[in-house]
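What follows is a short report on a single structure.
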Amino acid sequence: MAVATAAAVLAALGGALWLAARRFVGPRVQRLRRGGDPGLMHGKTVLITGANSGLGRATAAELLRLGARVIMGCRDRARAEEAAGQLRRELRQAAECGPEPGVSGVGELIVRELDLASLRSVRAFCQEMLQEEPRLDVLINNAGIFQCPYMKTEDGFEMQFGVNHLGHFLLTNLLLGLLKSSAPSRIVVVSSKLYKYGDINFDDLNSEQSYNKSFCYSRSKLANILFTRELARRLEGTNVTVNVLHPGIVRTNLGRHIHIPLLVKPLFNLVSWAFFKTPVEGAQTSIYLASSPEVEGVSGRYFGDCKEEELLPKAMDESVARKLWDISEVMVGLLK
């Protein structure tokens, strides 16, 4: 019995060490692209949805470091103000410890309330943006909801499709004029590898006939890609580019609706620590598409780990993309 117990302990320890090795010395994706010119984004205004936590917060932190003026569009203003305060303190401390203490090119950080589950909130937010912001250089559609129980938005849409696709669809369309007048400008859309498991069912976009939270998330992420490709077509010649990305598997609170049995949680935590990206790692492609001169003029492409990737045929179906666009215009009230 003692031998068996010792063997089990050694096996567990060996497994943990192997996972740790994979975490730190394995073939990890290009982990960080830091070290860019701190003034690269100086004078540029960037709007990031869902910037108070996870990928959005990490994206905001790096773009601030690069000198951007960052607007955090967040549903919970109190949490966003708290996150903004933490970011300011962290960046101030980093500047004080830098090669020239007290000298910082860190950009400005602004918090604005935006609830993508409410078209009324989206319209109010955009009206405020158009009244108060003279320019918008980068829009990052980052916010999202993941595999939640069935619920509806304020306007009666299935929550994942409503927030992940329709809310951002309206937001982007209402800000297009400002983006065009600020050109060259960029739109960055955060999708997911899980788009592969989704389909666009035009007969039940609201998932009222049946609801599978995993499938509906994948559908919304496929919609993000189709939206990006159709928008890129419509923006040809405007000097406004739009690209879409997947961040990989990232340790964020996006999966808060997923139930993990108590006995499995320790193993899940170990696996996520070993194999999942940190938010900073996951944000690198968003940062790259928002700031890098390498993608100047590039539009309608799909990226992962800061490089272009191929899409499945269903994500490149132009007729489906146009039909989705037309229906989305009606759903959000851009067309009657």
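A Cβ is built for glycine as well, from the same backbone N, Cα and C atoms used for every other residue.
Listed in Swiss-Prot:
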type	residues	note
MOD_RES	Thr5	phosphothreonine
BINDING	Gly50, Ala51, Asn52, Ser53, Gly54, Leu55, Gly56	NADP(+) binding site
BINDING	Ser192	substrate binding site
ACT_SITE	Tyr217	active site, proton acceptor
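Feature map: annotations from Swiss-Prot on the structure.
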residue : record                       : DSSP class
Gly50   : NADP(+) binding site         : coil
Leu55   : NADP(+) binding site         : helix
Ser192  : substrate binding site       : coil
Tyr217  : active site, proton acceptor : helix
Exercise. Within 10 Å of the Cβ of Gly54 (NADP(+) binding site), how many other Cβ atoms can be counted across all chains shown?
Worked result: 21
Problem set entry | Around the Cβ of Asn52 (NADP(+) binding site), the count of other Cβ atoms that are within 10 Å | 25
For this session: Restricting to the same chain and to sequence separations of six or more, state which residues have a Cβ under 8 Å from that of the residue listed as 'active site, proton acceptor'.
Result: Phe146, Gln147, Gln160, Asn164, Ser192, Leu194, Gly198
Seminar exercise, completed: Among the binding-site residues Ala51, Leu55, the one whose Cβ has the most other Cβ atoms within 10 Å is Ala51
Exercise. Which residues does Gly50 (NADP(+) binding site) neighbour through Cβ under 8 Å, counting only same-chain ones at least six apart?
Worked result: Gly56, Gly73, Cys74, Arg75, Asn142, Ala143, Gly144
Exercise. Would you say which of the binding-site residues Ser53, Ser192 has the most Cβ atoms within 10 Å of its own Cβ?
Worked result: Ser192
